[in-house]
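Pulled from TrEMBL:
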{"type": "DOMAIN", "residues": "A:3-181", "note": "domain 'Electron transfer flavoprotein alpha/beta-subunit N-terminal'"}
{"type": "BINDING", "residues": "A:201, A:227-228, A:241-245, A:258-265, A:279", "note": "FAD binding site"}
Ligand SMILES: Cc1cc2nc3c(=O)[nH]c(=O)nc-3n(C[C@H](O)[C@H](O)[C@H](O)COP(=O)(O)OP(=O)(O)OC[C@H]3O[C@@H](n4cnc5c(N)ncnc54)[C@H](O)[C@@H]3O)c2cc1C
Ligand SMILES: Nc1ncnc2c1ncn2[C@@H]1O[C@H](COP(=O)(O)O)[C@@H](O)[C@H]1O
């Protein structure tokens, strides 16, 4: 029984999500291969070979794989699955785009967003915005699993697997990449950051969001997140959204500023180690899950917090 | 151009779901049910495409219990032209099964675009659209925040990690919609009245001829661990002290 992990990477570097998916895979089999699909991705493939417990790295390169086109991934991964009993993919926007397509082609169910691998056939996954956990047993011969990275520890470094280059499939005929606007940020990635500072509707404008939330995040070396309300209103970019239908984060410290705590938001951050809420409404639901609540107007509380942090840095 | 819009009846997003004591599932008895919010966005987009003269007919389809007729009537009141219920009363179908049923409906209806929600907020699977595209061997454009249809192709801007991506898919295609695509309208009273007279065709699941066997056995449904109660702090100064000394996260 062998399993394939599809790597999360940006060609130059491997992301930690890959290490976490490897940890999830270890519960299924000891024979773990990692597929690095991209373009100019030798460095990421070499890094994948250094993850402890990895048997072999497969490297496939084409423009369409780099663009994350699901049709290209289907053509690459479905034939490969003749050699594997399971494929695990981190639940990123790429993973969510490609995994169900692969599952349907294999005529198997997808296990979406697994947070625990009980055994090779049994998985735990959140449903209803994380208000319930479902334990499911699969009767499919092959498994397609998207993995919620925050639920798994990263596999250690220390491997020395070889990298085998495999052919990329021909470009899909019916879909083509047009353009993308990907923002390169100096800040840590939202999914991987130790500290996340999120702003909500209370910010009132994009300028205010940038004036209040971003300096606090930078002082803490934190990633920036937002509620749906803040994103919908254009205060923050769409991929900042934390929640049921946005990103799921579980940092050591999550600071929610001017966020009420709707269940859809909580779904994305309630597994954080320590939660801080700053909200002027003492009855806001966010306080029910916050470890430390500060009932205050953010307009005074955030500057005070900034100077208290300055004071404590000494 | 015909647009097919699959809509699911789910727990209303404002309701806090409760796990049943016997761990068999979430308690839906006497709970408010509504159209999956993403599907409202899909219906809205289809209606806008029709208003722009791009779409000519909108067919809403739901796979579910008899009560899903209400969901379909909502879609009709928003502007869909007709509806199909594939009645599945005692079975909660998995995404693969729903995709197979939808494939059979696509074979009958021959739409050029299937517009779905990206995710149903009950199972949180985010799978049916991609699966349907695979089964049909159609291109897919998921998580759409902008859709332009012209010249036999859909140019779709997608919400992805890090920003936005635009792809162009040759029709027929499957598109799944994200939150920022539009703001769904409320159905007006006259439109709700008119919707009652629009055609709603009910088919039995068995008559569709799709393999709907379940692949996953639910062993149990449990409540996640509750967080321990927190405390309120008086000042930002206190907060920083506690985060440093008590929580050890700074
Ligand atoms: C299908 C669907 C999916 C969704 N997915 C998500 C998701 O993934 N993520 C998500 O976040 N939401 C999601 N939502 C939206 C969610 O239901 C809430 O509407 C949203 O989280 C509210 O955002 P908010 O807390 O910023 O705004 P509000 O609920 O308006 O809260 C603003 C808060 O700011 C406080 N405030 C105001 N002024 C100040 C001040 N000066 N100082 C301090 N506090 C102040 C107020 O007391 C209030 O509590 C989804 C909804 C649906 C229907
Ligand atoms: N039973 C159903 N009937 C009709 N459409 C459905 C059904 N289940 C899912 N869908 C569609 O598929 C989308 C994604 O659902 P899911 O993959 O279950 O998260 C939903 O937003 C709907 O558009």
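Using the three backbone atoms N, Cα and C, a Cβ is placed for every residue, glycine included.
Curation plays no part in TrEMBL annotations; they are all automatic predictions.
Annotated features taken from TrEMBL, shown on the structure.
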residue	record	DSSP class
A:201	FAD binding site	helix
A:241	FAD binding site	strand
A:259	FAD binding site	coil
A:265	FAD binding site	helix
> Can you tell which of A:241, A:244 has the most other C-beta atoms within 10 Å, given these are the binding-site residues?
Replying inline: A:241
> What mean pLDDT score does the domain 'Electron transfer flavoprotein alpha/beta-subunit N-terminal' (A:3-181) have in the model?
Replying inline: 97
> Can you name the binding-site residues among A:201, A:244, A:259, A:262, A:265 whose Cβ is less than 8 Å from some Cβ in chain B?
Replying inline: A:244
> Near the Cβ of residue A:201 (FAD binding site), how many other Cβ atoms are there if near means within 10 Å?
Replying inline: 17
